[in-house]
């Protein structure tokens, strides 16, 4: 009973001290401000009091005493702040992190070292967390400034139907400009053409259907600009099994110029991780649909980091705030502002930003159905629409107001008299008496063309403030790879193994192979062969091995290029590597992983089934199975690269594998001559003949009607398939015309 009383008395004492101190300070604030000696004493006393208030816990005091204490403090604080307006005394606040209350007192000055000493936490102790609200200013190096202009940009697509072909206009005469140091937002409802315009400006769409002019420092687009452009797609295309640090490090090794050493490139990746506030999750896997990983905001920052790691002059982002909460979205836009401040040009699409986000943009383009409704400063958009008679009737987010107009929704918007006249002429209005969306769209497009468009075009005709050097830099830039072919292959090989080892060595796959092996071993338990009469039973096991290790790799490899197509498009568009280096690394990085499962399989089956127990036979069987796997994998790669569509690829692979299995020499012995050629294309046929030779060449020269020869023809055929199918896959990727 004594302890609560003591605690209550302590809080009353502190409350009385605070009231006395604030009263004395209020009366003598001006005098203390001019007295150096008093200032020092006041500072020391205040620092001790503030520490007591920060670290003491009010939860142990009585509720009545606590409320009285808060009321006294707030009344003293209000009196103080009114007096300070006249006296100009310094205001110092000590805030309790545990309570959330704010105690204020003035009238004294503290030396800088004492101020630092009085803080319960220093700035260095606070971890940087962009999503939580603590963020350091992003710092990037200056780079070549690029002035982007686009005039009367049009774009059409051809839609082929069953009986006719129709051209659809996606963009209709879009004009605008953005300079270094500015953030341009492309806004509009879904289907308005934002992403298409962004892709055109970023050089991601090169199509004869493009009309108008797009210039970079008064020069047209060229592939040499790729090293100056960063493009962040709307979908976060990342490898799920790589960590944040690995993802950015591999990008740095591939994209940064050759003149930098490996250590310098790795340091650049570490700097980007620190600048983006990703230290906390740098060793966490990115994650995906079936793999837990980083949060949405962290994943988006990783995507931005992949582009800014090359210090681009132009940065394009397609809806970087999609799926993020308002606070995280604000941090992303603040990050873009920081990037733009270092003379970089930033262009982003945005769907429906909050009011805080909207006011962060320098320039705005508002699109609707591919037409331009507004281009200019974002801060002047509301003024422009008010000038044409469209003003919000209620307080609302400017972005919501603009999107309502772009959608033709006038429910909470004043209707100008010109628009009412158009409604009267066309007799088109909604049930609520408001103009129809089509009429609103026509009015807004006409208003922009008659009032603003001509002036905008005149401004675009004025040459950008460029000297000869800036123009020549854009013209003379040469396409350079960040690493040699050998280095690209080495980096991609290591990345491929790290990415896919989790999938290859998953417990599900290992269990599948082991269970199959055990079942086969039990069914053919110690089925030793000592004479030709005992061959029929065991030959079925050898054929099943040939079929199983052909079927399994085909349907695994089919998904390779269709699943990685988005990543391949993204990285090739950024000139990260040559296609040949990627293809070689992708196909060879699977080989070490492919050895593990068949070796595990054969170790179980071979000895349980009682196959030929010699070292030579065991390793030859392993080599034959491995050749079959690589050949079948090549077929899967070729089918996947040729068709890309997974449904079509799976269907074709099923038919092909079934045909090869039937022609493999086990089910049908006498194949008609007009279809006999099929067996020579079947890797099942060649694998089966080689396995029979290895196991039974000492027993009989003819096994089940199959004459065993040297096996050279079968081995050569499998070798041709290994390289031939892969060559077909590579040519198919080339045909895709990836940037």
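Backbone N, Cα and C define each Cβ position, glycine as well.
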Pick from 591-611, 675-695: which range does TrEMBL record as transmembrane segment? 591-611
Pick from 480-503, 504-527: which stretch is listed in TrEMBL under transmembrane segment? 504-527
Pick from 539-561, 562-584: which range has transmembrane segment per TrEMBL? 539-561
For TrEMBL, the entry transmembrane segment belongs, out of 453-470, 651-668, to 651-668
Per TrEMBL, the range holding transmembrane segment, considering 421-448, 617-644: 617-644
Same chain, outside the transmembrane segment (591-611) by at least 6, Cβ under 8 Å from its Cβ: which residues? 497, 500-501, 504-505, 509-510, 513-514, 516-518, 520-522, 524-528, 538, 541, 545, 549, 553, 617-618, 621-622, 625-626, 629-630, 633, 695
Per the Cβ filter (under 8 Å) with a sequence gap of at least 6 from its ends, the transmembrane segment (651-668) is approached by 539-540, 543, 546-547, 550-551, 554-555, 558, 635-636, 639, 643, 675, 678-679, 681-685, 688-689, 706
So which residues does the transmembrane segment (504-527) touch in its own chain, when a touch means Cβ under 8 Å and the partner is 6 or more beyond its ends? 534, 537-538, 541, 544, 548, 593, 596-597, 600-601, 604-605, 607-610
Report, as numbers and ranges, which residues of the same chain sit near the transmembrane segment (539-561): CB under 8 Å and 6 or more residues beyond its ends. 516, 520, 524, 527, 568, 586, 590, 594, 598, 601, 605, 609, 625, 628-637, 639-641, 644, 646, 649-650, 653, 656-657, 660-661, 664, 666, 683-684, 687-688, 691-692, 695, 703-704, 729, 733
